[in-house]
Amino acid sequence: MATAEAQIGVNRNLQKQDLSNLDVSKLTPLSPEVISRQATINIGTIGHVAHGKSTVVKAISGVQTVRFKNELERNITIKLERLSEKKIKNLLTSKQQRQQYEIKQRSMLRHLAELRRHSRFRRLCTKPASSSMPASTSSVDRRTTRRSTSQTSLSPSNSSGYGSVFGCEEHDVDKIPSLNGFAKLKRRRSSCVGAPTPNSKRSKNNMGVIAKRPPKGEYVVERIECVEMDQYQPVFFVKWLGYHDSENTWESLANVADCAEMEKFVERHQQLYETYIAKITTELEKQLEALPLMENITVAEVDAYEPLNLQIDLILLAQYRAAGSRSQREPQKIGERALKSMQIKRAQFVRRKQLADLALFEKRMNHVEKPSPPIRVENNIDLDTIDSNFMYIHDNIIGKDVPKPEAGIVGCKCTEDTEECTASTKCCARFAGELFAYERSTRRLRLRPGSAIYECNSRCSCDSSCSNRLVQHGRQVPLVLFKTANGSGWGVRAATALRKGEFVCEYIGEIITSDEANERGKAYDDNGRTYLFDLDYNTAQDSEYTIDAANYGNISHFINHSCDPNLAVFPCWIEHLNVALPHLVFFTLRPIKAGEELSFDYIRADNEDVPYENLSTAVRVECRCGRDNCRKVLF
């Protein structure tokens with residue numbers, strides 16, 4: 001003990017002091033209680049013990065700074081906090097103030113400890129690179145470059161102002177690995193530090209420490225040291241498990257985004273720059289209030305949103321603020337990117353609700369459509385949902401002023417004479433003076449547009465497998481309800497390829513009188529959209545009834561217009577022969593590819609009689625079909 005005391009020059013005449021009886025107000029710079037020739041100072045604000053050498057330190061005096069040598073024999077000057085007598089008395093008398101003071105000191109401790117760790121990392125970077133680099137970084141250009149006045153050519157440690165934060169000297173800056181060769185880096189297979197694999201090899205690194213190397217071709221991230229910018233993109237200085245610090249490399253975010261060390265890195269820096277990040281976020285949120293929800297962003301960007309990108313940008317901005325950097329170009333670029341990320345983040349909340357609403361509508365729709373093939377709903381264009389006032393139905397709703405059709409009293413007897421109904425038998429179409437509608441082998445329509453379809457009914461001798469029973473079995477093709485990109489709203493496309501003459505679906509809605517349809521049509525024309533379909537197959541007189549699919553309907557509600565359509569509308573009678581109340585059904589006019597949008601001509605301009613369609617000329621509506629023969633005006 002005596003030897004140790006002699007070595008450090010302890011005054012053996014010092015007596016243990018009773019601090020409770022110590023009158024702080026009477027202490028002076030020359031008081032023996034506060035003076036030591038060889039001082040050991042516990043500098044709590046930088047997180048380590050500094051040993052003063054040949055330095056007289058006065059803990060309570062007019063001295064404002066202390067100069068000492070650190071463990072690397074570098075001169076360090078630390079500014080001491082000078083407490084007033086009033087504050088000292090308050091701390092001694094108030095336990096609450098002492099606790100608040102200690103909390104503040106601990107916060108400073110965490111902040112400066114992080115800065116010290118970065119400073120240590122920078123010193124390691126000044127060591128010469130080893131010749132045995134990992135295989136994936138053999139092409140890295142490690143030539144050092146002199147600091148340039150151009151911010152884009154700076155090494156990563158300077159682009160965010162680390163030089164001013166860590167107090168490094170100018171000659172240290174020149175030795176930091178440059179990012180000039182970053183573009184040549186090959187992507188590593190990064191993985192998280194975990195249990196050693198059976199194939200791990202043991203080797204000595206340059207420090208003489210035994211380290212376990214991962215299998216050949218794999219490199220494990222041991223630690224992410226810092227983040228900087230290269231051409232306005234974040235890059236990370238990575239320490240690899242089993243390799244010396246001199247073999248650290250700069251990696252892009254894509255290379256290390258999925259590593260667990262990235263989560264630790266982000267969490268650590270968010271705590272370090274908590275105050276700066278909070279202030280920056282508040283500033284960006286004020287700018288965000290003035291931006292429309294989806295201005296200059298796409299649904300694809302919303303779906304691909306990653307919170308990590310925003311977190312990294314906020315950390316980069318905080319580093320610039322903390323360093324007092326005068327650079328404007330880089331923070332501006334990062335700020336614009338962070339603002340867009342926050343805009344996308346805001347839209348993502350709306351997107352989640354939208355997808356939930358669309359999924360619910362899809363579920364209800366397919367429940368109504370059973371047992372028909374499912375219909376998929378998707379919107380990759382905007383954040384719109386299906387109108388909540390629209391009710392999906394399976395069969396037509398008969399209005400109060402519309403008479404209910406009476407059941408037919410006539411049915412064919414084809415199976416009594418032959419095995420099945422064919423074009424050569426006296427089937428239902430023959431009774432109405434029309435042609436047999438379908439080909440027997442393919443079940444495809446064999447009629448031209450404008451013809452009528454008469455199917456077998458419940459009074460016919462044939463069963464449900466009859467080739468003249470197609471529409472009554474319902475939709476048999478899968479479809480997709482999607483949002484169009486040309487401003488036409490929702491549309492319908494084929495999920496699979498369709499042949500010419502295939503039945504697609506029936507036009508379903510409310511069957512109302514023509515007088516009521518005229519009243520509703522005025523409101524629809526004002527909105528530039530109509531769902532009124534006149535049941536006027538009998539052209540000898542005006543139509544008596546109209547189908548309105550605006551508020552009640554099925555998938556046909558969403559089929560758009562085209563001047564060159566791939567669908568045609570046919571009138572069809574099944575259980576009754578009331579000419580004024582046919583079913584309106586859609587058949588394909590030509591082969592349709594999978595994914596092709598389905599459309600029909602709302603206004604048959606090639607036919608002056610204009611059968612089945614409701615014409616409205618009150619408002620001119622632009623046609624957006626984009627076909628070569630487009631009439632430019634819909635109605």
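Using N, Cα and C of the backbone, Cβ positions are placed for all residues, glycine too.
Pulled from Swiss-Prot, these are the features on record:
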| type | residues | note |
| --- | --- | --- |
| BINDING | Cys412, Cys414, Cys421, Cys427, Cys428 | Zn(2+) 1 binding site |
| BINDING | Ser488, Gly489, Trp490, Tyr531, Asn560, His561 | S-adenosyl-L-methionine binding site |
| DOMAIN | 477-603 | domain 'SET' |
| DOMAIN | 619-635 | domain 'Post-SET' |
| REGION | 81-188 | region 'Binds to Su(var)205 and Suvar(3)7' |
| REGION | 123-161 | region 'Disordered' |
| REGION | 191-210 | region 'Disordered' |
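Overlay of Swiss-Prot annotations on the structure.
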| residue | record | DSSP (3 states) |
| --- | --- | --- |
| Cys412 | Zn(2+) 1 binding site | coil |
| Cys421 | Zn(2+) 1 binding site | coil |
| Cys427 | Zn(2+) 1 binding site | coil |
| Ser488 | S-adenosyl-L-methionine binding site | coil |
| Tyr531 | S-adenosyl-L-methionine binding site | coil |
| Asn560 | S-adenosyl-L-methionine binding site | strand |
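Taking a C-beta cut-off of under 8 Å and a sequence gap of six or more, Cys427 (Zn(2+) 1 binding site) has these contacts in its own chain: Cys412, Cys414, Cys421, Phe436, Tyr454, Cys456, Asn468.
Long-range contacts of the domain 'Post-SET' (619-635) within the same chain, counting only residues at least 6 positions beyond its ends with a Cβ under 8 Å from a Cβ of the stretch, are 486-488, 525-526, 528-530, 560-564, 599, 602-603, 605. Put simply, Cys428 (Zn(2+) 1 binding site) is 40 Å from Gly489 (S-adenosyl-L-methionine binding site) when counted between their Cα atoms. Using a 10 Å Cβ-Cβ cutoff, Cys421 (Zn(2+) 1 binding site) registers 27 neighbours. The separation of Tyr531 (S-adenosyl-L-methionine binding site) from Cys428 (Zn(2+) 1 binding site), Cα to Cα, is 31 Å. The domain 'SET' (477-603): residue composition by secondary structure is 17 helix, 47 strand, 63 coil, according to DSSP. Taking the Cβ of Tyr531 (S-adenosyl-L-methionine binding site) as reference, residues of its chain lying under 8 Å away and at least six apart in sequence are, in sequence order, Gly509, Tyr524, Asp548, Ala549, Ala550, Gly553, His557.
Helix, strand and coil residue tallies for the domain 'Post-SET' (619-635), in that order: 0 helix, 2 strand, 15 coil [DSSP]. In sequence order, Asn560, Arg624 constitute the residues six or more apart from Ser488 (S-adenosyl-L-methionine binding site) in its chain with CB-CB distances below 8 Å. For the Zn(2+) 1 site, the Cβ centre of Cys412, Cys414, Cys421, Cys427, Cys428 serves as reference, and the other residues of the chain with Cβ at most 8 Å from it are Gly411, Lys413, Thr425, Lys426, Ala429, Arg430, Cys456, Cys460, Cys462, Cys466, Asn468. The Cβ centroid of Ser488, Gly489, Trp490, Tyr531, Asn560, His561 marks the S-adenosyl-L-methionine site; residues of that chain outside this set whose Cβ lies within 8 Å of it are Thr484, Gly491, Arg529, Phe558, Ile559, given in sequence order. Cβ neighbours within 10 Å of Cys414 (Zn(2+) 1 binding site), excluding its own Cβ and spanning all shown chains: 23.
The sparsest Cβ neighbourhood within 10 Å, among the listed binding-site residues (Cys412, Cys428), is found at Cys412.
Neighbour counts of Cβ atoms within 10 Å were compared across the binding-site residues Gly489, Trp490, Asn560, His561; the minimum falls on Gly489.
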